Amino acid sequence: MSRSRLEILAGLAGALLLVLIAWGVPWLRFVLTIALAKGITVLGILLLLRAGQVSFGHAMYVAIAAYTVAFVAPRMPEVLLLLPLAALASTAVGLVVGLFVMRYREIFFGMLNLALSMVFYSLLEKLYTITHGTDGIRLPVPTFLGQTLTGPTYEWAVFGIALVLAIGFALLVRVYLAAPLGQALAGIKTREARLEFMGVPARYVLLSAYALSALMAGCGGTIIALTSRHVTPALAYWTASGELVFIAILGGAGSVLGAFLGAVVYELTRVYAAANLADAWQLILGTVLLLVILFAPGGLVGMAQGLRRRKSA
Amino acid sequence: MSVLLSAQDLRLAFGGVKAADGINLDVMEREFLAIIGPNGAGKTTFINMSTGHLRPQGGSITYQGRQVLGMKPRDIVRMGIARSFQLPQLFTEHTVLENAAMAVAAREGTFSPFRPLLRPAFRAEAEALLERFGLTAAAHQRADALNEGTRKLTDIAMAVAMKPRLLLMDEPTSGVAAADKMAVVETLARVLREAGVTAVFVEHDMDVVARIADRVAVWGQGRIAALGPPEQVLSDPMVQRDVIGIQPGGGAHAAA
Amino acid sequence: MMEWLSDNGLLLGLAVLDGLASAAAIFMVAVGLNLVFGVLRILNVAHGSLYAIGAYTAASLTAAMVAAGLPAWLSYPMLVIAAALVGVILGPLIERVLLKRVETQEPVLQLLVTFALFMILEDVQKLIWGVQPVSNETPMQLLGTVDVPFGADVIPFTAYQLFVLPGIALLTLVGLAWFMRRTLTGRVIVAVTTDREAATSQGIDAAKVTMLTFTFGAALAALGGALASPMTSMVPGIGASTIVLSFAVVATAGLGQIEGAALAAVMIGLGRSIAVYLEPELEVVIPYLIMVLVLLVRPQGLFGVTETRRI
């Protein structure tokens, strides 16, 4: 079986498995919805990693969308309008910021993203009259096509949207990475000068990926806001950005499935472990991140492929 | 024959070193012009200035009458000037075939986010290109796993894929194994002649120069010391002494 | 304008003094960051954590010293001892165990390794010193305040922030410039920074130089933290804000610029402290606003030089 068909089958099997778990263990529905939202966001981190760039501030785009939902929902609670609106807000900011950060690579790229997200976090925290500071904003119950849903029906609706978006973006990113535009991202990492001498503006190649990553983070942020129905500045804090980078590396940079595998493993572990290990959570994440980078650079997907190869050998 | 590229009174100094000190040079349509001279004389600098990588402190370079200076590399290549590099500039995580296909896609200007890079049309053109360069066997090797000669040829093939009218090559045969050199040169010359490309190349191997160049320019301390057909320039005693390193009545030193 | 000045002049004067003091601390961190980047070509994201750990260590040592009934003036050497301890223990450890292992890897992986380290150190610091604010007042109280004349008025300002902090920063600036230009070790570091391969072929032990420089850079970050410890209270998160702030200084000045970093630190320190008095909500925005404005005009920073890549 070809690798790409195997990957698509594995993805569909994974999606089915998620639905089954969400159906069998109702309280995990919430966790899995968040995991899908983060997986969608991590797809954007993967695109940037493909170009050899890492953003330490992408939680900002999650937070922009989440706060957009929080501000607009009281006036217009329709989810099917909130989603595109919030995603658009993140994309628009991503385009403007992107035009600036595109001039930089590597550490400058990473740190400028971090700095901007820290500014955004502080503003969320300090502009109390608008954002209610660290108390955050609670969302009213939104409607789907005018219907007010409650309880499990609402949870299933948000889960369904997350799953559809996850599958859609996963396919989109696969197609994008195989196309010249996506291939040129790897070209930025290995030989940016050549792109310019071939007539390709490298900055705009990166900008397109950056804007797409902001769009996906915006969708992720919308789902998170709809799921938790409470947005706080913590969404934009650097630890949230670090988490996204962590998931990307854990799942396996370069693999679309890895983003979701990493996100699900991460969220499930967090549910069980974070309560007991809250004080040392970043410590554990950092240590696992180091171990993966040093000893299993392919992440979870790489390990799975290694196992499969060993079996067939 | 008409003038394709014209450099006028080019001046550029790095610190105290004059790479170009009032260079005047016309490149004629469809000729093969070799640039020879000692290391550090400014030969590569000329290519860098013509392709937008470096900007001279004075003078002008026109291509088909249009000023090139001040333009970005990516706009210059769109006018029809492509280049290859002394140190091959390949996408090291891609295969040779993908490298070639990237160049084809770049030339087509269709950086669509949806259709695959290796779509049938691009793939076919890239494969045909590799075949012309004798690179078919290496097509599926990653670019960081190639030997120097193959990297060099891939680098040139990518420049040729741009379908340029003018191709500037920086030491196209350096790194190519001595035994393969002439075969590579013959292939290259044939491909370029077939495509009607004008070529300027910096070269240290005088056998290569004598074999394919129509004219030779000798670059010395930022000036053109001699210019003319190879048989005339290469037999000039001054050129033999200073550039080729033949002592009067003695054997040849390896040219640097 | 005049009326505004007479109303707010004193505050403005205070803001300037405050700004200079915080510029001094941030300069120490930024210059260490620059040094390390020079030899390793890695901008260490965990550098801010070393600042935080230096600050906490200084507070702990001073507290232990006071508890043991030792004379208060000993709190000054304690600041330096704290910095040296952090540098000498953590510096070689981080460089040898982590950074050396990834020195041939892609830049993005090196960056991620220092980021992972940053995550780890942030929690280590919380586990050791807790989440409640910690302060280190002894050195500040000891020197008391000085009346700084300001027009017709005087501003009472702590002597520590007025003299000790800027003094040490200035000493570091001058000392470092002298060290890099005039001493053999300094020249060796410069040689490794400019061209590692050439330096190695000249018989320089680049690995040793790298470790020493990293240790020194780490100690500078810790010293910045130790010196700042008397004037701020330490809370979780100072490591994160310090790394982005010192990055802002380095980016504004241009990578590798020592004197430039001093000037950028003053600009950013002043900008921030003036914002505190005028529009407190904007305090956090100002340093990055300065950075972004500078970078928009000069992408390589105020004093940075652009290198043309050889192709």
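Heads up, the Cβ atoms here are built off N, Cα and C, so glycines get one too.
According to TrEMBL, the protein carries these features:
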TRANSMEM  A:7-24  transmembrane segment
TRANSMEM  A:30-49  transmembrane segment
TRANSMEM  A:56-73  transmembrane segment
TRANSMEM  A:79-100  transmembrane segment
TRANSMEM  A:107-124  transmembrane segment
TRANSMEM  A:156-179  transmembrane segment
TRANSMEM  A:200-224  transmembrane segment
TRANSMEM  A:244-268  transmembrane segment
TRANSMEM  A:280-304  transmembrane segment
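The stretch from A:156-179, A:200-224, A:280-304 that makes the most Cβ contacts under 8 Å with the transmembrane segment (A:244-268) is A:280-304. Residues 41, 44-45, 82, 85-87, 89-90, 93-94, 110-118, 120-121, 124, 131, 137, 139-140, 142, 213-214, 217-222, 224-226, 231, 233, 235-238, 240-245 of the same chain, all 6+ positions outside the transmembrane segment (A:56-73), place their C-beta atoms under 8 angstroms from a C-beta of that stretch. Of the Cβ pairs linking the transmembrane segment (A:156-179) with the transmembrane segment (A:280-304) and spaced 6 or more residues apart, fewer than 3 are under 8 Å, so the two regions do not touch. For the transmembrane segment (A:200-224), the residues of the chain that approach it from at least six positions outside its boundaries are 33-34, 36-41, 43-45, 47-48, 50-51, 53, 55, 58-59, 61-66, 68-69, 82-83, 86-91, 93-95, 97-99, 101-103, 158, 161-162, 165, 169, 176, 181-182, 184-185, 187-188, 192, 235, judged by C-beta separation under 8 angstroms.
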